[in-house]
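*Asks:* Reproduced below are the annotations present in TrEMBL:
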{"type": "BINDING", "residues": "Asp507, Asp513", "note": "Mg(2+) binding site"}
{"type": "DOMAIN", "residues": "648-717", "note": "domain 'S1 motif'"}
Amino acid sequence: MSAISVERQFTGMDTLIRFETGLLAPQAHGAVVAQLGDTMVLATATTSKQPKDGIDFFPLTVDVEERMYAAGKIPGSFFRREGRASDQAILTCRLIDRPLRPCFPDGFRNDVHVVVTILGADLINPHDVLSINAASAALMMSGIPFQGPIGAVRIALAADGRWIPFPTYQEGDESSFELVVAGRMTSDGSDVAVMMVEAGGTEFTWKAYESKGAIPTEEVVAAGLVEAKRWIAESIALQQELIAKATPREPMSWTPVTDYSDEIAQAVQTAARARLVTANAIADKLERATAIESINAEVQEALSSQFEDQAGAIKSALRSLLKAVVRERIVNDGVRIDGRDTSTIRPLSATVGLIPTAHGSGMFQRGETQVLNVCTLGMPRMNQQLDTLGIEDSKRYMHHYNMPPFASGEPGFMRGPKRREIGHGLLAERALAPVVPSEEEFSYALRLVSEVLSSNGSTSMASVCGSTLSLMDAGVPIKAPVGGIAMGLIYEDGKYVTLTDILGAEDAFGDMDFKVAGTRDFVTALQLDTKIDGIPADVLASALKQAHTARMQIIDVIEQTISAPRAEVAATAPRIVTIQIPMDKIGEIIGPKGKNINAMQLDTGCDISVDDDGSVGRVVIGSKDGEMVKEVQRRIELILNPPEATLGAVYLGKVVGITKFGAFVNILPGRDGLVHISKLGRGKRVDRVEDVLELNQEISVRVDEIDPSGKLALSLIDENTGASSSVSDTTGTAAPVSKQAAAAAPSNRVSFEDSFETELAREIGDLG
């Protein structure tokens, strides 16, 4: 089989983007390999021949398969095989799904499966945005009724204000904001309609803010959305070039599935419209839902004889009618379901310190949406270890989002986190990332958990607000409070109406879900999904400004609840102290086979970890007992700067090590010396050190020699005469006896094997 390929160097890029089809996965309905640098992905698209029965939605499934061989790695799992999808893979699935889904025609209910397999990862160019473009191209080749192509680009805001297209990992990390934008050409081909946005700040964002560099204000983000259209159009053009050069499959024949007939729609309109208008005006969610359910049940019963076995169709017609009623009231009257106008936020409340045993906790409530967030602080060894195709191997700041069925007043199964929960957690995590202190500033591992206790619109943005509260309550020195708000949009007859703080029903029945999070001065994260053929740039810019106004109100409430992070971490949290040490001292701190560090942990109960960044070592000490932390600090300081021994002085020490050539004796905190085997027999030959001394035995020794490197040569003192067991004191008097060395102090092991063997061979002959 021969491959057909196209490639192009996009504007402002040095690297080519390449699409290829015809070689791999020949039985898939559509298969395209996309390549950027040495990063390579295979996207395939397949569909069922018949529509799926009994559903009222489009069954699209997107899977991303991260193969560790792509980066030359073997999986770190027990079985050395890839297991469940990583969080990053799930996020990529969602990035692909969101712009693809609106591009399928109404009534198409056949199963569609898009699989993206990561074949190559050069650890320079990310694969996620490349995968969106590859999936679109595969669908265009498949014959599936896909109204594409769509293009996608990631752009990074550089320090000088430029937007960098398809940035490398390094360029992304050094930028202050990253935007992933997907869209398709408008029907007349004159513009790109934005369909999906995923964006967030970086650790560099705050540095850019402090240095007066380029930061993601609403105006800058709006300009970035416009700028992204250029590269989206280039991606679409490259896909169209591939389609023209290759031979796509013949368009499949399919029959649109209608949920209900015109007769049912008219009957439902007559029976329920007036009553739904009244019920729709009920502000309380549960009361409104109860009233609507009652109307649905009565209409079902009234129409059951006229339309036998059409309960599902009647239900679908009722839902469509309710959607129309909700939208008409907003567009025509400017009044929403709960009676608010288009820019009013529901009542806000915030609380901190709800859970006394938690390190930090905060609850944020907006109307009927209520989220409890809990912050837990841990030692750096509790960082999440990553086994993925990215460049990061660990993560210290984690956000986990849970939404049980009771949050929406329904029964259900409690299972593991679904894709939606993982995606919402990562969105909230990204929103706080620019203000979370660095590991150098705050050594703790951070885990935030958002528990959605009540849901009626934008629980993810409530999780952002709850995160700010719990972090500040935990004493985490975040750089600024972050608030979040969800915006909506209704489009009817050429008129756009933007909604602030959307309800769950407005999300379901509206045309846009636009989540915006940020500080008072800049945006930290945003997410946009649309159900219509794109949104004009001026409408998005207006929505960003409207969201900024709402965000200021939310941050006001947060700061009224807790104005700044607490001065200290909670009493229930570990106290962590970080000590920087020279690289060549790491071995001394750890000790042989971990002896020193294990002894310190056993004696004090502290959690101690030693690490380095290649240039400097770092010891992290953690314990709930501050005094024990100080004790470990003292011991480490003694190892780093041990007290000096005095030549000729006598010390009461402890035997801390026995070798074939002598015994090591600890005489001062962090200071050991060697009593050579030749100095143990009082003039007689000693074959085994163990015949004279034993571990932990206390003995008196004299310092006979201190070499230039600080190593000590000791001799055993006769307890009766005070004289050395091998060489007499030339003055005839005993040296002064020092205070006893601290029993539990860590030691600095030295070796005299070579020097003593040479010295003794020279002075008294070979000892054998």
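Including glycine, each Cβ sits where the backbone N, Cα and C put it.
Help me understand the surroundings of these features in the structure.
*Replies:* With a 10 A radius on its CB, Asp513 (Mg(2+) binding site) counts 22 other CB atoms from all the protein chains. A strand conformation is recorded for Asp513 (Mg(2+) binding site) in the three-state DSSP classification.
Helix, strand and coil residue tallies for the domain 'S1 motif' (648-717), in that order: 6 helix, 38 strand, 26 coil [DSSP].
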*Asks:* Tally every other Cβ atom lying within 10 Å of the Cβ atom of Asp507 (Mg(2+) binding site).
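*Replies:* A 10 Å sphere around the Cβ of Asp507 (Mg(2+) binding site) contains 17 other Cβ atoms.
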